[in-house]
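Q: Let me begin by handing over the structure; questions about it come next.
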Amino acid sequence: MANVWGVRLADSLSSPTIETRTRHYTLRDFCSDLDAVAGKEPWRPLRNQRTNDIVAVQLFRPLQGLVLDTQFYGFPGIFSEWEQFIKEKLRVLKYEVLRIYPISNYNHERVNVFVANALVGAFLSNQAFYDLLPLLVINDTMINDLLGTGAALSQFFQSHGEVLEVAAGRKYLQMKNYSNDDDDPPLFAKDLSDYAKAFYSDTFETLDRFFWTHDSSAGVLVHYDKPTNGNHYILGTLTQMVSAPPHIINATDALLLESCLEQFAANVRARPAQPVARLDQCYHLRWGAQYVGEDSLTYRLGVLSLLATNGYQLARPIPKQLTNRWLSSFVSQVMSDGVNETPLWPQERYVQIAYDSPSVVDGATHYGYVRRNQLRLGMRVSALQSLSDTPAPIQWLPQYTIEQAAVDEGDLMVSRLTQLPLRPDYGSIWVGDALSYYVDYNRSHRVVLSSELPQLPDTYFDGDEQYGRSLFSLARKIGDRSLIKDTAVLKHAYQAIDPNTGKEYLRAGQSVAYFGASAGHSGADQPLVIEPWTQGKISGVPPPSSVRQFGYDVAKGAIVDLARPFPSGDYQFVYSDVDQVVDGHDDLSISSGLVESLLDSCMHATSPGGSFVMKINFPTRTVWHYIEQKILPNITSYMLIKPFVTNNVELFFVAFGVHQQSALTWTSGVYFFLVDHFYRYETLSTISRQLPSFGYVDDGSSVTGIEMISLENPGFSNMTQAARVGISGLCANVGNARKLISIHESHGARVLTITSRRSPASARRKARLRYLPLVDPRSLEVQARTILPSNPVLFDNVNGASPHVCLTMMYNFEVSSAVYDGDVVLDLGTGPEAKILELIPPTSPVTCVDIRPTAQPSGCWNVRTTFLELDYLSDGWITGIRGDIVTCMLSLGAAAAGKSMTFDAAFQQLVKVLTKSTANVLLIQVNCPTDVIRTIKGYLEIDQTNKRYRFPKFGRDEPYSDMDSLERICRAAWPNCSITWVPLSYDLRWTKLALLESTTLSSASVRIAELMYKYMPVMRIDIHGLPMEKQGNFIVGQNCSLTIPGFNAQDVFNCYFNSALAFSTEDVNSAMIPQVTAQFDANKGEWSLDMVFSDAGIYTMQALVGSNANPVSLGSFVVDSPDVDITDAWPAQLDFTIAGTDVDITVNPYYRLMAFVRIDGQWQIANPDKFQFFSSSTGTLVMNVKLDIADRYLLYYIRDVQSRDVGFYIQHPLQLLNTITLPTNEDLFLSAPDMREWAVKESGNTICILNSQGFVPPQDWDVLTDTISWSPSLPTYVVPPGDYTLTPL
C-alpha cells in the first residue's frame, strides 16, 4: 500500500473500461430541461450533512451561463423559494423559444450548448436575449457558429481568430444559509462569477499556438477524454480563492481537486459491464508546469490526477457527499510531509499510462495519452470494497515485531504525542441493584456476647476514608438509592420463617408504619418503595393493608421527632429508615444514643407478635450491647441485612416476634457476618482512595487513568519510526488494557487517536521491560475509513463486567496474592495475552506455557520471561524448567475437553508432569463442585451422569471431578503435601485488581461469579507442607476429628472461615464454632482436634510454629451441609376440608423449608395459609396443605431458605398436587390459578369466568374467609360437589 505524501492509496487498481456514446443535445432536450419536471430538474440540491438543510445547488446545462454577480439575478436565498422562482422563469423562456422554433419543425435539431447556457443566463438577469435566439440551433459547428460576429452578441463569448473564449459559468449556487461550515458541501470555486475561462478550437494544435503567445502562469488545464462541447483548455483565475482550512487554494487547484476526486470515486464504482460518460474525469496540466514546484498543491494534485487516470484508488473512501471538513483534511494530507512512492510522475504535454494499468483511455482517445511499456505498476486489478464510517472507536489489538527501541525513547515520544492532560468522563465503578448479604438467628450457632463482636473501624471518620466513601458514592450508577435498599431489605425480611409455626413472620395485609419517610424523592412526595409495595409489585413481597408515614420530612403522614415518645398507634410491621447522621453527625456517642431511642420507638409502635426493621448507620458494640440487653430478650428471632449499594458500614436490623419473651443471643453467625462486613468496607475504602477523584483532570500522575496519543496525518512514511515508537510506548504503558482507535478529521488534519488505560497491573508489566518492543503498524495503516472519536471514559462498561470476567478477576487476585518478589513462576495455559505478566512482581522469572502462540514480544525483558508453545499435558518437556510456583487458571478443564480426557485423567497427567519439576506450590483452578450441585441458569449446566460442565454462553463443555478424587491423586504423588481449597471471601478483596484496572462491576455478575466459583475453585497444593488427617467426612452439626502430626506442644493452630478466625487452639473458649477441643499427645507428637461446626463451607488451617510464630499452611477441609435428600409421604386418604392434609416430610432438620409456586418462570412464595410446616409430637417435620382445584394447574415446590440463595440445596417438586383425583361428592375449594381469565366448567359446561371484569360468583358459591390460593390476593370459593375443570382464556 503506497503513499503519495500524506495520501494513502489502496493496494489494487480499478478503472472504468466502457464509455457511453455521445448523444447530441436537441431542441426537445432543451425544452425538457426548461420544463424542470420533478425528478428531472437541471439542478441538484446539496445539503449540510449535520443539519440536513439545503445550503447550495449544483447547476447543469442549460443553467451554466450565470456569469454575472448574483445580485443581477434576484434569486431568493431559500431553496424552496428559489426553485419556485426558477421554474416560473424557465417556463416563460420555453414559450419564447418555441415561438421562434416550433417543436414540430425543430424537434431533433441540435442545440448549441454555449448559446443555450448564455440564453438562460441573459434571461434570468433580465438582459437582452433575443439576439441569441438565431444562434440556438447549430448551423455549422458550435464553435464556428460563434466565431466572428456571433461572439460579439454576449459577454459570454470572445473571439481570438480560430479560438473561442467562453466565460466559465457557475456550476454551483449558494443559498443564503451556506456559511462555509465544516459540514457544508465544497463548491470548488465554481460558485464564483469568474473562476475560470475556457478556450475552444477545433484542434488542440490551434489551442497550443494560441497559448504560445499568452500568459499561462496560472496553469492551463485540459480534459483529453471527451472534452465537453469540444476541444478546450481551462485557465483558472488566480485571484479567486477558496478556503480549505488551514489552506487557501486558488481556482486552478480547486478544479484539479474536484476532477481527480471524481475520477477516484469513479474508479471505486467501476464495473466491467457498466459504461461511464467519460473514462477519465481528470483535468491534466497542459501548460505552465514550469511555474509550479514539487511542493506546490498544483503539482501534487497533478500527480494525483495522473494516478487516478491510471486506476489507482484511495484507501480512504470518498464519501458520497463531500463536506468542507473532509476536503480540508484531504488537502492537508496532500500537503503533508512525505514522498510520492509510486513510479508515476506527470508530464506536461501528455498523460502516461502504465503498461499494466486497467485504464483503456489511450485506446478510446487518440490524443493526450501514451502507454509506456517499460512503466509497470505491478498491482492487482480489483475495485476497492469501501467501508462505511464507524460511529465510535474500535478496539485495536497490537502485534509486535522483533524490532526494539529504548524504553525511555518510547516515553519521550508518548510525551510528545500525548493528549494529556484531559478531563475524561468518569463512568461508573459499580452498576446494578443491591448486592445483598444477610445473616439470621440460628440456634445451632455458638452464643457470642456483644463484646466479642467486631468493632467499627476507629478510622471511619478520618478524612481519607470519607473521601473514599464519597468517591464510591459518586461513581456508583444507580437510581433512587433508598428504593434499591428498601426493596432488597423487604425481599429478605419477607422470607423469614417462624420455626414454631412454619409461617412467614411478615405476611400480606399487615398494617405498616414507615419511620423516616421523606417527601424529597425525585418524582414522588413519599419513599419510592411505598407504591410498588402497596400494589404488590415487588417480587416475593406481598402488599400490606396500609402504610402510614412518620418523620421530619413527610408529605403524606405526620411530622414527628421519632427519637422521642409519640402517640403512634400499633402496627404489625414498622419499617425505620431514619438516618442517625442527621442529628448525630460523626459523633458515635450521639448516634448510638439515637439508635437506642429509635429502637424504643420501634418497639412501642410494633404490636405484639409483629416485626420491625431498623437502619443502623454505625453498628458499634454500644449498639449491639443495647440490642443484646433490651431487644433480644423481647423478640423471637432477628436478621441482619447489608444491602450493598454504596460503600459504608450501614446495616439493617430486623426483629421478629416483638414483645414475646425469649432467650435470644448474638451468635457466631453474626460474628462471621460482621467480620466480612467490615473487611468488605475496608477493602473497598482502600481501593477507592487509590482511584483518581471524580471529575479529575488526568495528567498521567495517578496510578489508574487514561492514556491517549494522537498522530496527525499519519502517513507512516517519514514519520514511521517515530510513530511506531510512540504507539509502542503507549502499549507499554497500558499493557493488556483494551485499546481503542479513532481516525477522523480535526481542524483540517486527519488524526489517528489511540486511547487506553494505565493501571498498577500495566505498570508491573512495563517494569519488566528492558527494551521497548515495537508494534507492527500495518493493521493501523490499512485503516482507510473514518472511525469517529468519543470522549474517553475511565470506567466505560455501562453494563458492568460479565460474570466470567468477574470470575477471572477472582482467580487473578489469588495468583497475584500467592507470588512474592523473586519467586520463579511456571504458568500453564497462559493464553496469548499473557496476563500473568501483569499479576506477578516484575522481579519474578516466569515461564509461560500454552499450546497457542503468544501475542507477546520476546527478548525485551529485564528478567527471564520465556514463552513455550506446547501441550503442557505432554511428557518430557518440563525437564530443566524451573518454577517455584506453578499456576494454572481456567485451562485444565479446556485441555481435558480438547484431549477427550476425564478431568481425573487430565489432573493425574498434570500431577505426573509436575512431579518432575522443582515446584513447591501449585495453584490450579479445577472443575470440582465444593457445594451442592445446582445449575446456574444461563451460565453453568451440570450433567451429573456424565460429569460434564456445560457453559451455554460459550457453547463449550468440560469434564469435572470431585474433591476426594483430586485430593487422592495429589497425596499419591506427594504424600506429605497440604491441600487448600482456596475459599472465596465475601469481603470482595478480589475487586482491587478489577477496580484499579478500571473495570466496572455489576452486582448481578458478582453474585453469579460467586456461585460459579463454588464449582470452579482454586486448589492450592503445598508439596512440602505438613498434612493433617481428617477422620471421615465433616458434616454440619456432627463431631469432626482432625489429627495434626509433626508439631510441638507450644505450637498454635488457627482455623479461618472466609476472612474470620473461627477458632484458635491458643484459646478454644473464644472459638466461634459451637464446640472445639484440642489435645497434644506427647508420645505420638501429634495434635488431636474435635470440633462441631454450624456453618457449611471451606475452613483453612494455619500453624504458628515456634517462638517466632512462623506461619505454616496446613491446607483446608470442607464442612458439608447435611444430606439434601427429601421425601414427601402423602396419606392414602386426602382431606379436602379446611383442616387440610398432613404430609410427612423426611429431611435433615438442618434445612428450613418453604413452599413456592412457579408462575411464568418466576418463583413466588406460596401463601402460608395454604402451606404450613411444623414439628409433630414425635419430632418429625409435617407439611399441612389445604387442597384447591387450582392445584392441578400449578407447579408447587418445596425449597430451602437455608443459604444465601433460596432453593440452592433443596428444590423438590410436589408432583402429587398435579395428579390428585378430586372427589365429586363433597364441597371443594376453588381459586383462580393466576391473574388470567379462567373458564370454570362443571361436567363440561361453562358456569362462570374467574377474574373476568365485574365477576359475580354463582349463587351457590361461598367466599372463604381466609384464602388458600397460592396468592393471598386471589380469593378462594367454596363450591358445591361436582366434576370441575379449569381452562385459561
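Yeah, the Cβs are placed from backbone N, Cα and C, and that goes for glycine too.
I grabbed these lines from Swiss-Prot:
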BINDING   Gly893, Ala894, Ala895, Ala896, Ala897, Gly898, Lys899, Ser900  ATP binding site
SITE      Lys190  site 'Involved in formation of the phosphoamide bond'
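Surface or core, plus neighbours and distances: that's what I need for these features.
A: Sequence-distant contacts of Gly893 (ATP binding site), defined as residues of its own chain at least six apart whose C-beta falls under 8 angstroms from its C-beta, comprise Phe903, Val926, Asn927, Tyr949, Glu958, Pro959, Tyr960, Met1016.
Following the DSSP three-state reduction, the secondary structure of Lys190 (site 'Involved in formation of the phosphoamide bond') is coil.
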Q: Which residue, of the binding-site residues Ala894, Ala896, Ser900, has its CB surrounded by the fewest other CB atoms within 10 A?
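A: Counting other Cβ atoms within 10 Å of each of the binding-site residues Ala894, Ala896, Ser900 gives the minimum at Ser900.
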Q: Determine which residues of this chain, when Gly893, Ala894, Ala895, Ala896, Ala897, Gly898, Lys899, Ser900 are set aside, have a Cβ within 8 Å of the centroid of the ATP site's Cβ atoms, and list them as they appear in the sequence.
A: Leu892, Met901, Ala906, Glu958, Pro959
Q: Using CB atoms and a 10 A radius, I'd like the single residue among the recorded positions Lys190, Lys899 with the highest neighbour count.
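A: Per the Cβ count within 10 Å, the most buried is Lys190.
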Q: Run through the Cβ atoms and count how many others sit within 10 Å of the one on Gly898 (ATP binding site).
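A: Within a 10 Å radius of the Cβ of Gly898 (ATP binding site) lie 13 other Cβ atoms.
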Q: Using all protein chains in view, find how many other C-beta atoms are within 10 Å of the C-beta of Ala897 (ATP binding site).
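A: Taking all protein chains shown, Ala897 (ATP binding site) has 18 Cβ neighbours within 10 Å.
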Q: Provide, as an integer number of angstrom, the distance between the C-alpha atoms of Ala894 (ATP binding site) and Lys190 (site 'Involved in formation of the phosphoamide bond').
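A: That separation, Cα to Cα, works out to 66 Å.
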Q: If you count Cβ atoms within 10 Å of the Cβ of Ala895 (ATP binding site), leaving out that atom itself, what do you get?
A: 22
Q: Secondary structure at Lys899 (ATP binding site) (DSSP, helix/strand/coil)?
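A: In the DSSP reduction, Lys899 (ATP binding site) maps to coil.
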Q: Whole-number answer please: how many Å between the C-alpha atoms of Ala895 (ATP binding site) and Lys190 (site 'Involved in formation of the phosphoamide bond')?
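A: Cα to Cα, Ala895 (ATP binding site) and Lys190 (site 'Involved in formation of the phosphoamide bond') are separated by 68 Å.
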Q: Between Gly898 (ATP binding site) and Lys190 (site 'Involved in formation of the phosphoamide bond'), what is the CA-CA distance rounded to a whole number of Å?
A: 67
Q: In whole Å, how far does the CA atom of Ser900 (ATP binding site) lie from that of Lys190 (site 'Involved in formation of the phosphoamide bond')?
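A: Taking the Cα atoms only, Ser900 (ATP binding site) lies 72 Å from Lys190 (site 'Involved in formation of the phosphoamide bond').
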Q: For the C-alpha pair, I'd like the distance in angstrom between Lys899 (ATP binding site) and Lys190 (site 'Involved in formation of the phosphoamide bond'), rounded off.
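A: Checking the Cα atoms of Lys899 (ATP binding site) and Lys190 (site 'Involved in formation of the phosphoamide bond') gives a distance of 71 Å.
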